[in-house]
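Before any comments, here is the structure.
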Amino acid sequence: MSADMVRQMVSIGWVLASDVRDPQLLSAYEAARHRLQAMLADQFPQFEWQIHFWERRTFPPRGALPPLDLLEIGVQEKLYHGWDYAIVLVPNDLHPRHRPFVIGVPSSALEVAVLSTARLGDSSLLAERIVGLALHLLGHIWGLDHGDGPMRPPEDPLAIVPEPFTNEQWAAILNRLKETADTRLEEERVRWGRLVFYWRTLRANPTSLLADILGYAPWRFPFRMGRLTAAAAVSTVFLVLTAEAWEVGVNLSLWVESIATFGAILIAALFIFLGQNVSDVARETGWREQIVRTQFVLFSILLIGMLFLWAVLFLLMWGILLLLPRDVVSGWASRPLDWLLLMRYAAFMATLGVLAGALGGNLEEEDELKAELYYDEET
């Protein structure tokens, strides 16, 4: 067979994380694995598909489980076995964050999904429903939004059926799979320093990285993290009424204020990234392209989120300043104020607010922050 005819392999881990002993349920899981592999091979014959079954059996098969713990198990097994993706199966319910119940949680940042069969019924159609839900979760991991085919939102778990991806979805997935099937940097027989390895990882697929970052809508981050945004807003509202803050804010040079703004946004993102252990995506030593990509995506989400937090605070301060009596604030600043000075002071307040928000971000529960960053959605 010629080199151009050799199909690249895409591997998926099929991880059972609960101590399931029911032979009927185990048979459904196994049937779903084979059916899923057949469907993917039929729709994407350009690749050689392998779905590996692995038993972890960490949890009892009863009681609700936190999806975050299951995602971390999936990441550990994915990296240990060298899989491209992993789906973690449990018969348990999943702890919901925003919905009445959850049957799946995909994470494109981790390239792992959690699948619960608790609400899929126990009929002869269970295996088919598992396949349909697995296709939906994989679609999110591959960057797809809700739409037709398997990406239709599964509002009724008992109505889930496996469907092929549409032509548009197929094209988007194909591009992602071509990147996935390429040889990972750690598999190449080349010795690199850490910085070179990081640089080559980020340079390898910049379009894919950008798609993952934008897929998380980081501009909505300030509205999702209540304590972070509240700490930032309260601090800025308090400082806007102090004369000392006015004296400092309106007398800073434009260059100093610009450097302070960008520095504060970077420091705030780093403070949360390291302080909340967001960078610890797996208990894995050594250099891994998957880990570097995930860390870069998560930090970029935080960085863009802090930038939009600054923008929200700037608009908030600008609105408040327009409402304050001009003669009063001129007295606080000890100088006449024009529109430019008011905008610069609003920017100064927003910068201080971002730093306060970073402190507020570390008041968030670590698992809550990680869930906000890791989850694509609660299915």
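Think of each number as a place in line: the chain as shown, counted from 1.
Quick reminder: no glycine exception, Cβ is built from N, Cα and C everywhere.
Per TrEMBL, transmembrane segment is recorded for 228-246 (among others).
Annotation source TrEMBL lists transmembrane segment at 252-275 (among others).
The transmembrane segment annotation in TrEMBL covers 296-321 (among others). Under 8 Å from some Cβ of the transmembrane segment (296-321) lie the Cβ atoms of residues 109, 201-202, 209, 212-213, 216, 218-219, 221-222, 225, 228-229, 232-233, 236-237, 240, 261, 264-266, 268-269, 272-273, 278-279, 281, 329, 342-343, 345-347, 349-351, 353-354, 357-358, 373, all in the same chain and six or more residues away from its ends.
Below 8 angstroms of C-beta separation, residues 222, 227-236, 239-240, 245-246, 248-250, 252, 254, 257, 260-261, 264-265, 267-269, 271-272, 306, 309-311, 313-314, 317-318, 321-322, 333, 335 of the same chain, each at least six residues beyond the ends of the transmembrane segment (341-360), sit close to that stretch. As annotated by TrEMBL, transmembrane segment applies to 341-360 (among others).
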